[in-house]
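**Q** Per TrEMBL, the features are:
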TRANSMEM  31-52  transmembrane segment
DOMAIN    57-99  domain 'Chitin-binding type-1'
DISULFID  CYS60-CYS75  disulfide bond
DISULFID  CYS69-CYS81  disulfide bond
DISULFID  CYS74-CYS88  disulfide bond
DISULFID  CYS93-CYS97  disulfide bond
DISULFID  CYS129-CYS191  disulfide bond
DISULFID  CYS202-CYS209  disulfide bond
Amino acid sequence: MKPSFKKHTQQNYSNFATCHILQNEKKDMKYLSSLIITLCLANILCLGLVYADERPDHQCGPPFGNPPCGDGRCCSIHNFCGSGSDYCRGGNCRYQCWFAATPTVRENSVTKIVTKSLYNEMFKHRSDCPSQGFYSYEAFVAATQSFPSFATTGDVSTRKREIAAFFALTSQATTGESEWSDAESHTWGYCQINGTTTNDYCTSSHWPCAPAQKYNPRGPVQLTHNYNYGLAGESLGLDLINHPDLVATDPIISFKTAIWFWMTQHDNKPSCHDILINANSQVKVNIPSYGVIGNIINIDNTATNAIGYYKRYCDMLGVSHGHNLKYWLDQSVDAHIQMPI
């Protein structure tokens, strides 16, 4: 929990201005003592607020003047900096907490298609599973504002299908359950933040890896490999090579990396966004397996499950699924890239 500061009222300042007219010396001394204590405490707080780096002993909190913790780290209720839910979530955290500040939702074309209530129904279990509500509606909307072409190109049906497809593939990447009852089918998207792996994914010499950092899957698209962290960070103005955990601790940055991946061409392949708006409908590509978007985003034989998510989200958005979904997401032939309509 971030420290709160009581705002002085006009009456408070009036009291300060007139304190010299107090006639009782004892009251004057009592007031002066209180004022000195107040100023000392204020000085301690101010020193803590301007402290530039995490303390070498990693201590934090009110006893130490509320110094900051490092990037991606939080001050726990036990007055130590650290990362992970024991430090950063809910009642465990003093400040720099995960989701400490809820961004203001500014209405845009995306909010007109996906309302908060609809989003919460789409991802109805995101607060019940390991992600514990990390992927908030507010963070998603805030991230879309950095990508003015995302879900704003084409007619309303095209824009809705782009959102449905983005949600489908990121839901599949972060799914929390492998089996569902019919009633719960495809409702477990956005349940995972970090992919489980021992690999550091330091695979490109072009982006020298930072000491002790791993570039394992994180976020809605499960961003992986140092080169993807480097390219995403370069595009977003962030140092994700030295601070890859921002993708797992800052929900807005997390969504930004996913939308960046969606909007960007990779390895001479068209972007997922281009596919959805038919921008490359005449381009012929070699599809080794799992369809056009599946090949770009590297999903495997779970493509059929992604189609299930896509259909559910289309239904909720009131738009037709389109045709040839197997071709779009699950086809091992040469094909023209086209929107499945």
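We number each residue from 1, going along the chain as drawn.
Backbone N, Cα and C define each Cβ position, glycine as well.
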**Q** Fill in the CA-CA distance, CYS74 (disulfide bond) to CYS209 (disulfide bond), as an integer in Å.
**A** 24
**Q** Around the C-beta of CYS60 (disulfide bond), how many further C-beta atoms are within 10 angstroms, looking at every protein chain?
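**A** Taking all protein chains shown, CYS60 (disulfide bond) has 29 Cβ neighbours within 10 Å.
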**Q** Let me know the most crowded of the disulfide-bonded residues, choosing from CYS69, CYS75, CYS93, CYS97, CYS129 and counting other Cβ atoms within 10 Å.
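**A** Going through CYS69, CYS75, CYS93, CYS97, CYS129 one by one, the largest Cβ count within 10 Å is at CYS75.
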**Q** Reported as an integer number of Å, what is the Cα distance between CYS88 (disulfide bond) and CYS202 (disulfide bond)?
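**A** Cα of CYS88 (disulfide bond) to Cα of CYS202 (disulfide bond) measures 27 Å after rounding.
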**Q** Can you tell me which disulfide-bonded residues out of CYS60, CYS75, CYS191, CYS202 are within 10 A of CYS93 (disulfide bond) by Cα, answering none if there aren't any?
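**A** If one measures from the Cα of CYS93 (disulfide bond), the disulfide-bonded residues that come within 10 Å are CYS75.
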**Q** If you measure C-alpha to C-alpha, which of CYS69, CYS81, CYS97, CYS191, CYS202 (disulfide-bonded residues) come within 10 angstroms of CYS60 (disulfide bond)?
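**A** Hits: CYS69, CYS81.
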**Q** Once the chains shown are all counted, how many other Cβ atoms turn up within 10 Å of the Cβ of CYS74 (disulfide bond)?
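**A** Counting Cβ neighbours of CYS74 (disulfide bond) within 10 Å gives 26.
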**Q** Do any of CYS69, CYS75, CYS81, CYS97, CYS129 (disulfide-bonded residues) have a CA within 10 A of CYS202 (disulfide bond), and if so which?
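**A** Taking CYS69, CYS75, CYS81, CYS97, CYS129 one by one, none has a Cα falling within 10 Å of CYS202 (disulfide bond).
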**Q** Let me make sure I understand the structure: which of the disulfide-bonded residues listed (CYS81, CYS88, CYS191, CYS202) has the fewest other Cβ atoms within 10 A of its Cβ?
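**A** Counting other Cβ atoms within 10 Å of each of the disulfide-bonded residues CYS81, CYS88, CYS191, CYS202 gives the minimum at CYS202.
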**Q** Give me the Cα-Cα distance between CYS209 (disulfide bond) and CYS75 (disulfide bond), rounded to a whole Å.
**A** 27
**Q** Quick check for the class: what is the C-alpha distance, in angstrom and rounded, between CYS75 (disulfide bond) and CYS81 (disulfide bond)?
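**A** Between the Cα atoms of CYS75 (disulfide bond) and CYS81 (disulfide bond), the distance comes to 5 Å.
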**Q** Report, as a single number, how many Cβ atoms besides its own are within 10 Å of the Cβ of CYS209 (disulfide bond).
**A** 20
**Q** With DSSP helix as H/G/I and strand as E/B, how many residues of the domain 'Chitin-binding type-1' (57-99) fall in helix, strand and coil?
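**A** Its residues divide into 10 helix, 10 strand, 23 coil.
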**Q** Give me the Cα-Cα distance between CYS97 (disulfide bond) and CYS69 (disulfide bond), rounded to a whole Å.
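**A** For CYS97 (disulfide bond) versus CYS69 (disulfide bond), the Cα atoms are 10 Å apart.
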**Q** Looking only at C-alpha atoms, tell me how far CYS69 (disulfide bond) is from CYS191 (disulfide bond), rounded to the nearest Å.
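**A** Counting only the Cα atoms, the answer is 27 Å.
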